[in-house]
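A short worksheet on the structure shown next.
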Amino acid sequence: MFPMQFTNSAYRQMEPMFAPGSRGQVQPYRPRTKRRQEPQVGNAAITALANQMSALQLQVAGLAGQARVDRRGPRRVQKNKQKKKNSSNGEKPKEKKKKQKQQEKKGSGGEKVKKTRNRPGKEVRISVKCARQSTFPVYHEGAISGYAVLIGSRVFKPAHVKGKIDHPELADIKFQVAEDMDLEAAAYPKSMRDQAAEPATMMDRVYNWEYGTIRVEDNVIIDASGRGKPGDSGRAITDNSGKVVGIVLGGGPDGRRTRLSVIGFDKKMKAREIAYSDAIPWTRAPALLLLPMVIVCTYNSNTFDCSKPSCQDCCITAEPEKAMTMLKDNLNDPNYWDLLIAVTTCGSARRKRAVSTSPAAFYDTQILAAHAAASPYRAYCPDCDGTACISPIAIDEVVSSGSDHVLRMRVGSQSGVTAKGGAAGETSLRYLGRDGKVHAADNTRLVVRTTAKCDVLQATGHYILANCPVGQSLTVAATLDGTRHQCTTVFEHQVTEKFTRERSKGHHLSDMTKKCTRFSTTPKKSALYLVDVYDALPISVEISTVVTCSDSQCTVRVPPGTTVKFDKKCKSADSATVTFTSDSQTFTCEEPVLTAASITQGKPHLRSAMLPSGGKEVKARIPFPFPPETATCRVSVAPLPSITYEESDVLLAGTAKYPVLLTTRNLGFHSNATSEWIQGKYLRRIPVTPQGIELTWGNNAPMHFWSSVRYASGDADAYPWELLVYHTKHHPEYAWAFVGVACGLLAIAACMFACACSRVRYSLVANTFNSNPPPLTALTAALCCIPGARADQPYLDIIAYLWTNSKVAFGLQFAAPVACVLIITYALRHCRLCCKSFLGVRGWSALLVILAYVQSCKSYEHTVVVPMDPRAPSYEAVINRNGYDPLKLTISVNFTVISPTTALEYWTCAGVPIVEPPHVGCCTSVSCPSDLSTLHAFTGKAVSDVHCDVHTNVYPLLWGAAHCFCSTENTQVSAVAATVSEFCAQDSERAEAFSVHSSSVTAEVLVTLGEVVTAVHVYVDGVTSARGTDLKIVAGPITTDYSPFDRKVVRIGEEVYNYDWPPYGAGRPGTFGDIQARSTNYVKPNDLYGDIGIEVLQPTNDHVHVAYTYTTSGLLRWLQDAPKPLSVTAPHGCKISANPLLALDCGVGAVPMSINIPDAKFTRKLKDPKPSALKCVVDSCEYGVDYGGAATITYEGHEAGKCGIHSLTPGVPLRTSVVEVVAGANTVKTTFSSPTPEVALEVEICSAIVKCAGECTPPKEHVVATRPRHGSDPGGYISGPAMRWAGGIVGTLVVLFLILAVIYCVVKKCRSKRIRIVKS
């Protein structure tokens, strides 16, 4: 195969050169001659061909600049017909012909009649021809690297195509490179406008290009021809009218299709890039010395093109020995795939037209035909419908990822292959019969079953892919030539799914995707998609199937391509083992005794653990159709439930068609995470806390809710019984505590009053009125005469009252200000001594300079502490400076990032046992090798936990594959080791154990001053100084270094877990870490540690096998009861990123900020508005709702200007704004948030303050989807009526207590002076 390919236009240019006759002669018809057989290509022939190709390339390069020759051949001259003369009217022939055409186009009514064209193929050819006229090759270092296309008024080419356009007028033009796409454009000379193509809009339909059709659907461009290659970058994509809709950039495989990356255009020449992530730019590298590239394989010291060997020597059906030798000699060649396809398909010069022209279907046919390089085999099956047997469909291995239901099985037969090894239908099965011959059967009714019938997805060669339900055994059954065969083996099929949020089957109606692992069904040309085959083992057959004897004449029937071997003993000769390889042979033997017949296939087959160990030399490699790969899988997104609010709860209701996971977590320090699988009809009530809660329904985006203010039945502004109902529902603990204390005090007061009354009635009788009461009584009486003092009285009135009534209290109140005045006067008295050096001309001059400098650099500083919660409302403030217009300031947290410092200790995955086929020593002893890694099954694999045992007294007198005739002298070597599963190379199937040392916390804060936005990055370990537009911002450090990650974490797929994993080298069977490695070579790690509990057992004597047990994968067991991932349990609402390992948007901590605003940012007021006569009316109010209150403020403005409006009351935010003030009456309507049923806030407008007060109604909704700006009700609020009732009750109790205390004192005093009355 030569690398140089001619396009159609090149052929057209070279037609005159290759034509045998001149242009004016008629060329006779030449029938197709038989294709000449190609001679064997040697080194001398390759050199000669290289020289010829170099000369031919130079000739073609010279022809490229010449004028284009009409491709139409000479017209055939019609004999016996004279040429028509010109008409007598004197018209020229051209004018007459033009006139006739115009008349033909017009109908009877003068309308143009358009001919219908039923030749779509011709339209395609015309469009491609038009595209060729506007397409020019681009040469780079002597080779075509791509193409450039003239479209509209510009010439376009991909930016990755280097070189000059092969046209004198376009060679030196300068291109402009697009910023956001792989495209270059330039203007071309006006003389070439006739060659430019018209643009058209690329839509979802089928288009044309050089090699066939291109299908566009949902921004996915598929090359239906599959013939695109390097060097095609820049080729035009046209519609049937010849208009260009795009140019090709490159392509790549997408399953069985070829997907393209293109630049699409529209009618206005606007370009857009439709990229495919796995596409490779189709630019061609420069040729090296213009020599053809030949992919070389070797055979008998001769080199040849791997994809085109001489079919006389290579065809595996004609010369199987030569073909197998050729495959064996080129096993390590990187182009072995091409050689394998060539020797098994044996393509001729003319192929039969296939029904399906799909490249994928043709490629599948080649893959099936490649199985002709191997033969099927028979192996031991432990259960063939109740008994053990040697079965043609014996199950050798079963592979499962453990995370889904798909199984990959390997059997001894070959699916989709004919008896000779060619490609067959899906129901065909190639197998090795009991007679040692290879057969093929159609309509085999292949069935795979576990606990129920499996869905067979695909069967290629020895491998079957099926979707099976879980079970403890696996059965494969097929009908072969009318006989039903089945094989059952023990296999524990369990599905251990990783963390998932939905368990759907077929409900993938969304565009959401995620990385997943599956078995690849698209073979690729790489070593990963090949499997080794070894020398075939002999199978035992009955002697009558291969030898027939008549008296002393015996005939041996040898199946084609096999070797027959048996023991022969004649009458007068000793016993001997004879071998026959030809088709039919005859020998003479008197009284023959023929035993131990066996047939060995000439072609190799796969190594099987159910057969004894055979040859160790790899004979060939055949396709391995289903290796695991990481793919992008679509996932379902469950419909959201109906969400309603009831008090401070969220109600979810609906019907789930399949299991959906509902997870909740609080957004505070204690996440209190919950998870529940829901299916069918459901109704769930979820309480919402003031800190917030996060709900995640299936694969939908998380939803956040906050409880605003809880409310209750009853009335907070009514009588005591309604107050009791309200507060009992709202704050039951406080309400019942208050009722209990009040009842207790009343009971105590009542008891004391009763006791006092019973004692006083005797004292009053014995004592007369005391005109000089004791001082305590007088003092108690004087308390009633003390004037009351209100808290809202002026300070001077209070001082005057204290001076009049209590000199001691006055002195205490006056001591602090007097001390302050004394300190100030003392400092002023000594000020002259401190400032003496500054008095004078120098001092005053320096002072003036400092004052001037300070005045020039003066700025305004605003400080604030911002909570580090991106979900929190932004901080808003109005900056009021005397003499300047107000400025609005907004600060919000854009995101937070917690980045831990990690170290990968090891990775783990599913461990599997690898078994060396049994080494059987018949009538002799065998032993384990000193280096177990030299065993063939362990070669090329990373192994650990290797066990090798020698078993004696095995297989006594066993006939079959072992051929042991001894009873007790037979021995067997059994070797088993642990290795990594083939799924370990996929990221989603591998768990990584990290140790976390420290974490860095970063946040981005957006500061908006007026219309200017400044982004500041703040850190936990220092102060950040940033400058915006005339702003200087000093922020940080963040007040906490909180991290949701523990010291040990595990990452698997897209989830992260806090888990205390075992150290490296300390794994135990069946637990996390039973397979450990640190190497980045996941297929063959050189530091593998494994312990899967392998135990080698004594084999039973019914068949040759290796008996062992092991523990199932510890990773799969850990996934069964794994803790919840951090994406569910992380506190503070952290979002967890697995790769890289980060925690995002954690709502914890705060950051102090200082913002220096220069005077230049402020606008000086020319006149102060001086608002006066302020009045505020609360129009409406709902408490517990963001900006649920509305207020109207009226005031009089003395001058026009600007004023900032904001709230001075903590906990009652006002929608801050800057208002325009006009001279005269002004009205401002604003909103505020109130957390309580009664609101009283002070509003400041340009240093004028007005008080707004009113009553609020309960909110309609008590759960909100955004974090409220007002403070949540902590439970300590008591309404005004409740306070008055409570104050009245408490005051009454206090008065009663004081009265009782006075009575008690009076009684006590009276008792001390009472007169005892003695009856006479």
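Note that Cβ sites are derived from N, Cα and C of the backbone, with glycine treated the same way.
Swiss-Prot lists 1-734, 792-807, 858-1286 with the feature topological domain 'Extracellular', giving sequence analysis as the kind of evidence. Positions annotated as motif 'Nuclear localization signal' by Swiss-Prot: 74-120. What Swiss-Prot lists as compositional bias 'Basic and acidic residues' is 101-113. For 134-282, the entry in Swiss-Prot reads domain 'Peptidase S3', with the evidence type sequence analysis. Marked as active site, charge relay system by Swiss-Prot on the basis of sequence analysis: H160, D182, S233. The motif 'Nuclear export signal' feature in Swiss-Prot is assigned to 165-175; the stated evidence is similarity to another entry. Taken from Swiss-Prot, the feature disulfide bond covers C297-C306, C381-C487, C384-C389, C454-C468, C516-C633, C909-C984, C922-C964, C928-C948, C1134-C1146, C1176-C1252, C1181-C1256, C1203-C1246 (among others). Annotation comment: Swiss-Prot describes 735-755, 808-828, 837-857, 1287-1307 as transmembrane segment, evidence class sequence analysis. For 954-971, the entry in Swiss-Prot reads region 'E1 fusion peptide loop'.
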(request) Express the predicted model's confidence over the topological domain 'Extracellular' (1-734) as a mean pLDDT, rounded to an integer. (result) 77
(request) State the residues, same chain only, that lie 6 or more residues beyond the ends of the motif 'Nuclear export signal' (165-175) and have a CB under 8 A from a CB inside it; answer 'none' if no residue qualifies. (result) 64-65, 136-139, 148, 155, 157, 184-189, 191-192
(request) With a 10 Å radius around each C-beta, find which of these disulfide-bonded residues (C633, C1146) has the fewest other C-beta atoms nearby. (result) C633
(message) Name the residue among the disulfide-bonded residues C306, C468, C516, C928, C984 whose Cβ has the smallest number of other Cβ atoms within 10 Å.
(response) C928
(message) I'd like to confirm something. Which of the active-site residues, H160, D182, S233, has a Cα closest to the Cα of C381 (disulfide bond)?
(response) S233
(request) Can you grab the distance from C389 (disulfide bond) over to C1176 (disulfide bond)? Cα atoms, rounded to a whole Å. (result) 99
(message) Between C487 (disulfide bond) and D182 (active site, charge relay system), how many Å separate their Cα atoms?
(response) 57
(request) Go through the recorded positions H160, S233, C454, C516, C1203, C1246 and tell me which ones have a CA within 10 A of the CA of D182 (active site, charge relay system). (result) H160
(message) Neighbour count, 10 Å Cβ-Cβ cut-off, for C384 (disulfide bond): what number do you get?
(response) 17
(message) At 10 angstroms around each C-beta, which of the disulfide-bonded residues C389, C909 has the fewest other C-beta atoms nearby?
(response) C389
(request) State the count of C-beta atoms found within 10 angstroms of the C-beta of C1203 (disulfide bond), not counting that atom itself. (result) 27
(message) With every protein chain in view, what's the tally of Cβ atoms within 10 Å of the Cβ of C1246 (disulfide bond), excluding that atom itself?
(response) 23
(request) Could you tally the C-beta atoms, other than its own, that fall within 10 angstroms of the C-beta of C381 (disulfide bond)? (result) 27
(request) Would you count the other CB atoms within 10 A of the CB of C1256 (disulfide bond), including those on all shown protein chains? (result) 22
(message) Restricting to the chain of C297 (disulfide bond) and a gap of 6 or more, list residues whose Cβ falls under 8 Å of its Cβ, or answer none.
(response) T303, F304, D305, C306, P309, M326, N330, D333, N335, L339
(message) Rank aside, I only need the closest one: which of the recorded positions S233, C454, C633, C1176, C1203 has its C-alpha nearest to that of C1146 (disulfide bond)?
(response) C633
(request) Could you round the CA separation between C909 (disulfide bond) and C1176 (disulfide bond) to a whole angstrom and send it over? (result) 70
(request) Note down the number of other Cβ atoms within 10 Å of the Cβ of H160 (active site, charge relay system), including every protein chain shown. (result) 17
(message) Considering Cα atoms only, can you say which of C984, C1176, C1252, C1256 is the nearest neighbour of C516 (disulfide bond) among these disulfide-bonded residues?
(response) C984
(message) For a three-state summary based on DSSP, what are the helix, strand and coil counts in the motif 'Nuclear export signal' (165-175)?
(response) 0 helix, 1 strand, 10 coil
